[in-house]
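As recorded in TrEMBL, the features of this protein are as follows:
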type	residues	note
COMPBIAS	1-13	compositional bias 'Pro residues'
COMPBIAS	26-40	compositional bias 'Low complexity'
DOMAIN	847-938	domain 'Cyclic nucleotide-binding'
REGION	1-41	region 'Disordered'
REGION	64-89	region 'Disordered'
REGION	111-135	region 'Disordered'
TRANSMEM	147-169	transmembrane segment
TRANSMEM	176-197	transmembrane segment
TRANSMEM	260-282	transmembrane segment
TRANSMEM	289-309	transmembrane segment
TRANSMEM	329-346	transmembrane segment
TRANSMEM	355-376	transmembrane segment
TRANSMEM	516-541	transmembrane segment
TRANSMEM	553-573	transmembrane segment
TRANSMEM	612-640	transmembrane segment
Amino acid sequence: MDSPPPPPPPPTTRPRSNTFSGGSGPPRAARQPPTPTIATMRQHLRSVGHGDLIDPLAAVLLQSPRGPRRSSSEANIRAGPSYGALAKPPGHKQALSAYLRLEFLRSGRAEVSPPPMLAHDDVEARSPPRRSRAAPSFDYPQFRTDVMATCVAFVVTCVIYASTAQAIFGKLDPRLVFVGVDGALLGTALTGIVFALRSQVPWCIASTDVGFAPLLAQLADQCWKNIAPTKKHTFEVWSFEEDGALSYAAVPADTRRDFVATWVAASSLIFLLCGGVLWALGAFKLTRVVNFMPYPVISGMLASIGVSLCKSGARVAAAPGFRVSHELGILWLSCALVLALFMRLARRSGRVPTWLPPVAVVLVSSVAMYLGILIYDVDASEAAEAGGLFDWDPAMLATARGWAPLLDIDALGGPIQVENVDDDAEVGAAVTEAPFCVVLVSCLIGSGGECSLKHLSHRAVGGVATFFTHVRWAVVFQCRGVILAAATLGSIKIGLKTGAFPALFPNEAICADQEVAMVGFSNVCLGFLGVQGVAYSFSSLKLAEQVGASRRGVGLCLPLLCLLCWALGYAFLRHVPRFACGALLLDLGWDYVDTYLVGQISRGVVWTDVDVLAVFAVVATAIAASLLEAVAVGVVLCLAGTASRLARESVVAATLSGVDARSAVERSSRAQRRLDALGDAIRVLRLRGHVFFGSAPEVLSAATQRLDDPVARPLEHLVVDLEDCQTRALDLTAVETFQRLASLGDALGFRLCVAPALDLLVASLPSATFFDTADDALESCEDAVLDADVRSDLFRAASGDSSQSSMTSPKVGPGAPPHILLQDWLRANDADEAHGDASIPVVVAALAPSVGSRRYHAGEIVYSKGDPRDAAFYLVCAGRLRLMSGNPQRCVRKLGRGNAVGVGEFYGKGEDGPRSDTLVASTASTILRLPHDAVRELDTESPRAALYLHHLLARTLSGKNSGSKKLYRHNAPNP
């Protein structure tokens, strides 16, 4: 591969100016070579001795459909023509060679010799890639992969749809299984393409969530009990005695239509409510709210869904077999368990893709079933009677083609009277109509029938009216518990799954809120259409990713296949054995149980006794009653466990005094000694956890305990640290507690300091002082204590009593001359105690001519990160500064009167290179700048005075660590 042309050399006639202001500006872009034109091409060909090729080459360039167009004077060659077009005309190979030479000059490498003229045999071999815009080529291998992945996902999806529909309707009325299958297929077909085009999730594939199956089955049971009660049918959970055949024979057509319409209306309400909640969470960016559900409740809920799926899988696999004989039922159940175990072990081995075991189970079991049929010389109907295959009759499969819930309730057949026990009998059978979509397609292809627009409109409106006529709204209201439970659990489950996509695909720009809103809106639309809602299919997504399918190929093709299956029927699913479908449900159910219950325990997840009790209580309640009651039990137990933990742990993490806890300000040893003596006037309450009505009284108790201490100094400052509280939302009881603290402060004369500033407290505590951090609050309290001590010393000095004075001289004003400020800085560092007054005049006299003072306003930057070092000390004479470092920058040092910056550079870090930190004034400050060279001159001229100054600078350097053991954050325990 040719390397890109080198950049042009920098100009040498005019060097770039490096002045601080008024520089030369940004460098100019490299000059591009002029666009070759017909004129420049002619000039080049004449210069190389090929003027005879000018006309042939120009003719080819101007005749090429992708070539340049001639302007009024000449034509610019901006997009070169096809090289093949140049080489094909007779005698133009030399013209092509010349054109290649021209292209070489066009690339900007004019300083290199052009390539030699090409021989006739080397033109095609040495031609560069075509510059013309070629048509996109068909990627057959990728297409083949997408088709294969789509077919595999389609087969597995259809088998799961048939299995869940059989679990919902099989024990009630086996000939209504198509209601569940068609609703799932139609929902996937209507929203799958929208998901694939609008979603940001790679390999996005829409599918009906199998987690709804247990709840929809419970809904069907309740509707059937209230609409079609029969003495012959039992609703015991673990009963395999019947599969619905006798109850079906005793239910007339109108009752069956009432049941289907009522169930469709109730399930539509589930998806409407679920979709509305999901849309609201996504639209208002509240998807994270789902993550705040107690995890034991979610774990128990999803494990309960897994148990229900396992029960449904066992029923689908073995119910007809137990009706024939217990031995046959045990055989089918054993086959299902073996296949489910095979799929689990195959996935855990990691040697095969996760999508392969389900496909292998479906194909191998189907082949084995028909081999058994051939060996034992039986037909498919006998195998269906024995429970090996689904006993779907042709009438149901014919009705299933193109059946839409809202339009085709009249397509459901059956006897008119209950006494008719044979639905296939012609006498007494209800009149049925073909599905509306079948009639519409027949009209479009011209196969006969009444096809006027008036008739089709009347049929559609009449179908919707008939649907609502058959709905038993009283029964729907009686099922409100299941509806609310399904909508709630579906919202939580889909919200958790969709919210996990940004973590699963960190390199993709996926917005969880947008995805949840799209899923919610799609479910609302599907609910209005009476079909089942959809979500993202994780299994199909893994399949498409593992086989290397394109990101949108499977998501676009699978809905089309589902639509085709809905329109033409799914009779091919009759050939899949029942125990294979049951094995898939068993595998899905055990996956839920293993992920959210068994796996959590085996991985050693830290659960409290209350959490374990809540999980097992949720599972047991779901098995015995329903999921709605199970969630209620889990929430109550989790609230009880939370209250128990809060009662055992105090909200007051630490109670410290100003003697034990210090701010991050670097103070002189004299100031630290004064704080050791006076710091008991400061009290810090560090809070943690949740401050609410149950824990707020502890804060008041800790404060009053300090006030009642008769030995301690009077309290002057009370700091309340809220930084470690897990919630910033305080209830009214907590606010009332802080108001009582503020009232105590007004009555007893101490100041209440709160950090950080919460809006509710700021509005409720006008007399309190608020800070960003507790360290800032502690710094303010220490300054107040030291200032009060200085004022008391001044009063004693003025009254003539200096025996207990802790100071030698007051601070000087910020506008004093530099030599006065230098003298004050020396005295602030205990100069009198170190070497006496003898060295101070010498140091001041030697350094005063070199120092300069400057006053900085609050927020003004002294120097910034990346600025060149200036080999100088910065001596803080007044105010407060902060040294910011890191990325992002944070405060690492707080500097006050008597501190110095630049000491480490002078003694070892070096004076060259850019600065690695930023110095900013947090209050109005006065700084002296002392060059390093002045100190070196002092070493030569006055060694004794230089030793004294080095001693002071060493004190400031060690002062950074002198109080580190008493720093507030180091002293207070972690919550």
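All residue numbers here begin at 1 and follow the chain in the order shown.
Using the three backbone atoms N, Cα and C, a Cβ is placed for every residue, glycine included.
Taken together, the residues in the domain 'Cyclic nucleotide-binding' (847-938) have a mean pLDDT of 84 on the 0 to 100 scale.
For the transmembrane segment (260-282), the residues of the chain that approach it from at least six positions outside its boundaries are 176, 179, 183, 212, 215-216, 219-220, 223, 227, 289-290, 405-406, 409, 412, 467-468, 470-473, 475-476, 479, 482-484, 486-488, 490-491, 494-495, 512-528, 530, 532-533, judged by C-beta separation under 8 angstroms. Beyond its flanks by at least six residues, the transmembrane segment (329-346) meets 240, 313-314, 317-323, 352, 356-358, 361, 365, 387-388, 577-580, 582-584, 586-587, 590 of its own chain at Cβ-Cβ distances under 8 Å. Residues 153, 156-157, 180, 182-184, 186-188, 190-192, 194-195, 198-199, 201, 203-209, 212, 264-265, 267-272, 274-283, 287, 354-355, 358, 404-406, 467, 490, 494-495, 497-499, 501, 554, 558 of the same chain sit 6 or more residues outside the transmembrane segment (516-541) yet have a Cβ under 8 Å from a Cβ within it. Counting same-chain residues at least six beyond the ends of the transmembrane segment (553-573), those with a Cβ under 8 angstroms from any Cβ of the stretch are 142-143, 145-147, 149-151, 153-154, 157-159, 162, 181-182, 185-186, 188-193, 195-197, 199, 203-206, 390, 392, 397-398, 400-402, 437, 441, 540, 543-544.
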